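Here's the structure, in structure tokens; my notes come after.
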Amino acid sequence: MTQQRPPLEIRLCGPRGFCAGVDRAIQIVVLALKKYGAPVYVRHEIVHNRYVVEGLQARGAIFVEELDEIPAAHRNQPVVFSAHGVPKSVPADAEAKNLFYLDATCPLVSKVHKQAMRHQRLGRHVILIGHSGHPEVIGTMGQLPDGAVTLIETVEDAHTCHFDDEDNLGFVTQTTLSVDDTAGIIKELQARFPNLAAPAAESICYATTNRQDAVRAAAPGCDLFLIVGAPNSSNSKRLVEVAEKAGARMSMLVQRAEDIEWEQIGDISVVGLSAGASAPEIIVDEIIDAFKAHFDVKIELAETTVETENFLVNREIRDVELTVKDMAFVNGEHRVVGISKLMQGK
């Protein structure tokens, strides 16, 4: 006699997973491989997800941390800069080495670069709210001369920082931060420096805000909340924090279904599921299938908004056709079809 599986509700968040900037960055590498052939070099992980990186490596991408790692024999092959953005010195170095490069910096990160440079042009010292060592922070700080930017990571930093000219300050933020935590830091800075200039537009990107809002709405009543993402993915780690603060009994970050420790989960009846902006949909499907092996699963789509943003790839590769098959290694079947199947229980 077959043992009956316990019932389980999975609240599948929407939006989740790839944002337009991540989609664009991966497409740039895929299209470069189609147009120019392998190898295509990529400086730093194109996005913070090993599954994506390994999938691109299998297609002929080679990942390096510095341009000096590109062999002289391959200097005629393209190099792609990651979605996180790079300091100004990197494209300058590429040009000095006569390298052909494609910049996959997210357009919303580029917007933050422009906001920081505008502050400086107006004579302001720039305050960057972000996490030390994150590639996006390194790239943003690298848009301005040494000493022109001060990094603030916490409310305590905001409370203790000092500046020579407190009347000429402007701030920008890393795009992937927690909306709530950033608000606290900005509030402290504005209390201490009343003339602090804000950026012309919100720095935290729409995708970060949307994913956090969806998790926040779905978390109450969840016994467990899983976020698909990498340990070095800032926006994924923030989603884990948001789930905990919003009422999930337990939340955790997983990269693959094999990371789930079933014996530690215990007695659960409601699970929340979302994915960071660099996590592919195919892993979300994998995790749902893993739960179906243990439970009688019912999918509830917990959608707070629908994203329609789309960013163009670089002009040099717009003549190359991108097919569903080209992106199947991360998307699986077309997303709309996938959601339809999930709602039908596959």
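Glycine too: its Cβ is placed from the backbone N, Cα and C atoms.
Record check: Swiss-Prot places C106, C205 at the [4Fe-4S] cluster site, and the matching candidate among C13, C19 is C19. H84 (isopentenyl diphosphate binding site) has C106, E136 nearby among the recorded positions C19, C106, E136, C205, counting only those with a Cα within 10 angstroms of its own Cα. H84 (isopentenyl diphosphate binding site): 28 other CB atoms within 10 A of its CB, across all protein chains.
Proximity of S234 (isopentenyl diphosphate binding site) to non-local residues of its own chain (separation of 6 or more, Cβ distance below 8 Å) is seen for H48, H131, H134, E136, Q174, T176, L177, given in sequence order. Sequence-distant neighbours of N235 (isopentenyl diphosphate binding site): residues of the same chain at least 6 apart with a C-beta under 8 Å from its C-beta are T176, A207, T208, R211, G229, G276, A277, S278.
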